[in-house]
Amino acid sequence: MADCAGPSSAGRKAGAPRRSRKAAGTKQTSTLKQEDASKRKAELEAAVRKKIEFERKALHIVEQLLEENITEEFLMECGKFITPAHYSDVVDERSIVKLCGYPLCQKKLGIVPKQKYKISTKTNKVYDITERKSFCSNFCYQASKFFEAQIPKTPVWVREEERHPDFQLLKEQQSGHSGEEVQLCSKAIKTSDIDNPSHFEKQYESSSSSTHSDSSSDNEQDFVSSILPGNRPNSTSIRPQLHQKSIMKKKAGHKANSKHKDKEQTVIDVTEQLGDCKLDSQEKDATCELPLQKVNTQSSSNSTLPERLKASENSESEYSRSEITLVGISKKSAEHFKRKFAKSNQVSRSVSSSVQVCPEVGKRNLLKILKETLIEWKTEETLRFLYGQNYASVCLKPEASLVKEELDEDDIISDPDSHFPAWRESQNSLDESLPFRGSGTAIKPLPSYENLKKETEKLNLRIREFYRGRYVLDEETTKSQDSEEHDSTFPLIDSSSQNQIRKRIVLEKLSKVLPGLLVPLQITLGDIYTQLKNLVRTFRLTNRNIIHKPAEWTLIAMVLLSLLTPILGIQKHSQEGMVFTRFLDTLLEELHLKNEDLESLTIVFRTSCLPE
């Protein structure tokens, strides 16, 4: 027992120093961890204080750059301790206080434009002037952007270990831009873009939906080879390829179905005849037309090889005209450029169709509209104003040859025994020639004899009852009631009259055109305005015959001016009249008209009738 107790007590004595050493190591480790944590905390606090200090210094520099007297050395020194965001704040703050955004400029901002874009007629470009509004000139804007591009973008508190950049300022001799250029459209496709389509796609074209949907074509090469300008090779060079394809298709046809033997033999014959075609002469159409017709008549809609041959022939003729050799294109790139060229072809076709307008048709329509307008305007008072107060027209109407109308039953019915004055006949003749004459003047149908007989009997009965004292008249009471119900209304004044408004519109349109026509006559608009106003007062104006285009108003002014020249005392063979005639001839040539066209419009107001 004693022997057993001895070793156990010795083991307990040996374990006590081991536990004490372990406790001492744990205490020492915790002390080191606390020291590291406090050290890291101190370093973090120092870094935060350093960051705050640099930010405070940068903000102080921003405040200093808001002053007016800034030197170049101070500006380049400040660029080492600020970021582009700080410099942008400087530009904004200076523009708010109406100073130029460039710190070296001491000028004040004038009137700031409100628009966002500016069109430069010098460079034919559109610029975004949002940032340009903060500067007094294009040079200050360019110099400011030049300096801002040199400012480092790294944080200001980590620049101690970096090398400071050498700032440079823009010289005053160099010109600036009006703002940031706006790209209105993509650039045209060049040969270099075709050779390197990936670069072209990144710059000018967004990814299409077909590219994202087709995952199998992602690894496909866009172009097997390039498109090179030059002469096309003869069709004999592609004949072996077509012949080889036809043989391959022939073998596949024998394996699949024996019904295509005749068709394949026809394709081989066509391929051999295609080799004799020459692209640089007109024999191609005559040589290749019959084989193609033979293929089209014998091949069905399911056969693909003849269709490919026809498509290849069409592509050959197109490329022969453009003198471009197509070595090879993948399906993806072919679809891409097919969409591109289709859009350009649509634009060119729309422009060409809009340009191809027959001038003769437009000329006839213009003269027709003006004749109808002048005929509607003309009244009996117009002819009296032009040819005198004692003017009276007789049966002859010169405008009857100009306006051809079909007579209806209302126009045929007339009273040959009527003895109206001459001016009443001319008034009726003018009214009949108007195209907008309504059906209100038509003769009403005669009432039936039975109705007239009944009305006569009723009238006789009323008369008998009235004389017997049994009939009471209700007319006076009804009239008094009507007068009480309806309030009295005043007639329209001249300013509110529709006719006066139309005359004012016509005079306003003519006043814009006549000053240019009066230059050869050496008179002003005020000299003829009274006569023109009196002439317009005699017109019959509606809401439709006063709406015309500027070219039509020019011709109307020429017609009216030629009518007023005798009244103004200007003779046709005088010097002013001859100059005016030559001027009208030149103006008519610019409008693609002749002197006869103007005469056909003027003759509407002239007649072969004699004065009374």
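Glycine is treated like the rest: Cβ placed from N, Cα and C.
Residues annotated as region 'Disordered' in Swiss-Prot: 1-40 (among others).
Marked as N-acetylalanine by Swiss-Prot on the basis of similarity to another entry: Ala2.
The annotation phosphoserine is assigned in Swiss-Prot to Ser9 (among others).
Look at Swiss-Prot and you will find 15-24 (among others) tagged as compositional bias 'Basic residues'.
The predicted model assigns the coiled coil (33-68) a mean pLDDT of 88. Here Swiss-Prot flags 33-68 as coiled coil.
Among the features that Swiss-Prot reports, zinc finger is placed at 77-160.
Under the heading Zn(2+) binding site, Swiss-Prot lists Cys100, Cys105, Cys136, Cys140. Secondary structure at Cys140 (Zn(2+) binding site), as computed by DSSP, is helix. Residue density at Cys140 (Zn(2+) binding site): 21 other Cβ atoms are found within 10 A of its Cβ, drawing on all protein chains shown.
Among the features that Swiss-Prot reports, compositional bias 'Basic and acidic residues' is placed at 193-204 (among others).
Annotation source Swiss-Prot lists region 'Disordered' at 193-267 (among others).
For 206-218, the entry in Swiss-Prot reads compositional bias 'Low complexity'.
According to Swiss-Prot, the phosphoserine annotation covers Ser216 (among others), on the basis of similarity to another entry.
Per Swiss-Prot, compositional bias 'Basic residues' is recorded for 246-258 (among others).
Annotation comment: Swiss-Prot describes 292-317 (among others) as region 'Disordered'.
Per Swiss-Prot, compositional bias 'Polar residues' is recorded for 294-305.
Taken from Swiss-Prot, the feature compositional bias 'Basic and acidic residues' applies to 307-317 (among others).
What Swiss-Prot records for Ser433 (among others) is phosphoserine, and it gives similarity to another entry as the kind of evidence.
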Go ahead and report the DSSP secondary structure tallies for the zinc finger (77-160): helix first, then strand, then coil.
34 helix, 10 strand, 40 coil
Apart from Cys100, Cys105, Cys136, Cys140, which residues in this chain have a Cβ no more than 8 Å from the mean position of the Cβ atoms of those residues at the Zn(2+) site?
Leu99, Gly101, Tyr102, Lys107, Leu109, Phe135, Ser137, Phe139
Binding-site residues compared (Cys100, Cys136) - highest count of Cβ atoms within 10 Å:
Cys100
For Cys105 (Zn(2+) binding site): intrachain residues, at least 6 apart, with Cβ closer than 8 Å:
Phe135, Cys136, Cys140
